[in-house]
């Protein structure tokens, strides 16, 4: 999921629904000077002849892709769940069993059982996150350097600038505080409740994801938050999948995109991992070093997201994607149930790595995180002060460039070639993949299942690299060729 093209200046984390989060136009620069550069209304691009936001028209390949997202992607979480619960995490055994007994009776027998109780629990979880999202943020008053509270978003295609209540870190801390209080003091419910009801929660997450998609589709037609920011392609399937509204909202407080991208999936990510760890403790009498390491590495990733939630307002999810099945279902289902496969595997098959392997995997994950974060930090510093920016002890170097927007106006920009941006053209992705590999390596080498995340992220990011560079070539022309000649590697210096 989350595989849309980049549009505006910036860079960042992928996600993604994959869900991963990522910032826009990973090469463009530090700064952009425009001549009366006000974005054109009704979705026209900020540059070139491209469209700002998702596509206006749909070809046959795009339609096939939408069909796969709608009807193929929902099978993956169920397939992996069945593999872990019934076939010892063997994908081959699961595949063989499914297709050897492909009938309605067999299908119904492997579908997780749901109950009113699990439905109430899941609905309460979503309601709790909605309540937390509406609370005023207090952390930005007490934590130096943290940007929370009300923040301005990017300019929409229609020229609007929305306000966002940034309080995700507060919501994450409150949610986890309650989890730990329950686990070690209150004991109102079992801390491993998520593990024991994973299948049922998956069913209800699908119900919520599909229901929200239908609601947003109807809302986009009948009562959009901003009609000028809506897009209609003429294809029901495409509009349902990729969304109609750019920033659907209820009032001024509740923003669908910000809530869904951060709350039901990413807050839940670390709660699910903790539940897996507690199940290990209950079942085996210990928590494996691999489970502890995995919880640590993925908690760093999640906390990074919430610490930089205000920065997330500049990402492709907010600045480019419309809100449809791709985001709604992806955040409710794909992220929490596919990004936690390593923890699910370790719950069934505890792996003891030992001190040396733990240290090496931890080092890989931390180095990957450092590369990812420092790459984006260098670009952000350069954007803020291109002339006075110093990177790695030297004045930042860059290629001055220009481009012409759809309205015929010329814009000045730059392509940073210092620091990580001079090592490879997508070093932020390199760091991201190093972290992804570290998660998977926590599970040893016994099964391919926990490595799905790494495989998925590699395909997603490599595909995004080619889309991004195609767009940059169209935008910057000969200036982009100069950048490519100077920075010859895309992802892995010396190899690719």
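Yeah, the Cβs are placed from backbone N, Cα and C, and that goes for glycine too.
Check TrEMBL against the ranges 353-372, 373-392, 393-412, 413-432 and you find transmembrane segment recorded for 353-372. Range with TrEMBL annotation transmembrane segment, chosen from 147-169, 170-192, 193-215, is 193-215.
For the transmembrane segment (62-82), the most Cβ-contacting stretch among 120-143, 193-215, 284-303, 436-462 is 193-215 (pairs under 8 Å). Tertiary neighbourhood of the transmembrane segment (120-143): same-chain residues 149, 165-167, 169-171, 173-175, 193, 197, 200-201, 204-205, 208, 253-254, 258-259, 263-264, 267-268, selected by CB-CB distance under 8 Å and a gap of 6+ residues from either end. The transmembrane segment (436-462) is not in contact with the transmembrane segment (193-215), judged by fewer than 3 CB-CB distances under 8 Å for residue pairs 6 or more apart in sequence. Within the chain, the transmembrane segment (323-341) has long-range Cβ neighbours (under 8 A, six or more residues past its boundaries) at 1-2, 15-19, 69-70, 73-74, 76-77, 80-81, 198, 202, 205-206, 208-210, 212-213, 216-217, 239-248, 256-257, 260-261, 264-266, 268-269, 272-273, 276, 317, 449-450, 452-453, 456.
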